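Right, one structure below, let's go through it.
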Amino acid sequence: MRVRPLTCTETRRGDQRVVHSLGDGTVHVSATSPGGLEGAAAPPELPPSPRQVTAARHDATFGFSAVFDAGASQEAVFEGSGMRQLVELAIDGFSCTVFAFGQTGSGKTYTLMGPLTQSEAQPAAPGVLGLMQRSFACLLEQSRSRGSDLVLSASYLEIYNEQVTARPAAPPGTAGTPHLHCPPRRVPQVRDLLSPGPPHALPLRWSKTRGFYVENQLSMDFESLEAITDLLLQALIPPTPAGSQRRRTSAHALNSHSSRSHALLTVHVRSRAVSTHPAPGTWGGRGGAAGPSKEGSLCFVDLAGSERVKETGSSGELSTEANSINRSLLALGHCISLLAKPRGKRTHIPYRDSKLTRLLARSLGGSGVTLMVACISPSSRCLSETLSTLHYASRARKVTTKP
């Protein structure tokens, strides 16, 4: 659980801090909701939606594996959340996932990727790098310390209004070697995160051996972790006057840079121990006796923030986007609620209710290892969404997988 600081706007407005970290993985919420609180009477399996018209006093304590208050550094979040262990498990051949969840403007993208002002020309200071960049550095560090050789490939997808889009074939001379060539099709209002070219819609399939997967998904090999970092920076470049942009973002009353899609970056890690004694025909051609290979993955999921149209002031296209975002998050919350029940009492898990839950099916209830980073605002104005996120995360904590 990560609690962001109050913003300058919230401070000037006089918002009160209603969330406090008590230490030892606990967070306390103490506030009164005058004039009614939307969502206070919601059923436990879904984020709140009914309206309560009387004032209510909220005084509750929640426990999590770790809680990071407003003063926590990016490094503290990386080390204290277990992210380093996930990187090590991916090298050992496990399928690992980390996803950030929370209200719009709660700090999800900052936690995963760092500040949005960074670019290839002006990279972010080391102290504010997000979980993604730190994980890439950790991959390289672990590779050297273990004496293993790594082969990396990556794919970057976004789900916008329940459409899955991916990078089209790389133009000649660009970095990376595409495994598959997919003729591009134009999909209105959707852009790929890695290429300025036309968007490419991809179908979502299911098979007994692979589970849910994206058909014709492009995967690109990289010779260095720096190349993957460069792609992340490209995704952070703001729109140009010509209209070229990466991930869908828009401004509303609560967030000037609100993500309008769910983004999934998957790094596939193939590792093999390498001996220091030269031997012919070695794997990767690097001059050492090769040991058994392992294939793991590390998936970063930056979920679009939940939002109430009444609070954001969204209308038209923004309202449509908000409805799609909330619908997929509701489906995710329903799956998490069912998975949190004891195995003997579980009913059918409706992964097919949205493309998001299909793509996360293996991470949530399969054989992978998953870390959820829930981000909340301490502002009294965001109390309703903060309580929703806290209950959401409490249910997710009960979900267990068998890696």
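Glycine residues also receive a Cβ, built from the backbone N, Cα and C atoms like all the rest.
In TrEMBL, annotation is done automatically, which means it is predicted and not curated.
TrEMBL has this to say about the protein:
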DOMAIN    1-399  domain 'Kinesin motor'
REGION    31-50  region 'Disordered'
COMPBIAS  33-43  compositional bias 'Low complexity'
BINDING   G102, Q103, T104, G105, S106, G107, K108, T109  ATP binding site
REGION    240-259  region 'Disordered'
Surrounding CB atoms that lie within 10 Å of the CB of G102 (ATP binding site), all protein chains: 28
Among G105, G107, the most crowded of the binding-site residues [Cβ within 10 Å]: G105
Cβ neighbour count within 10 Å of T104 (ATP binding site): 26
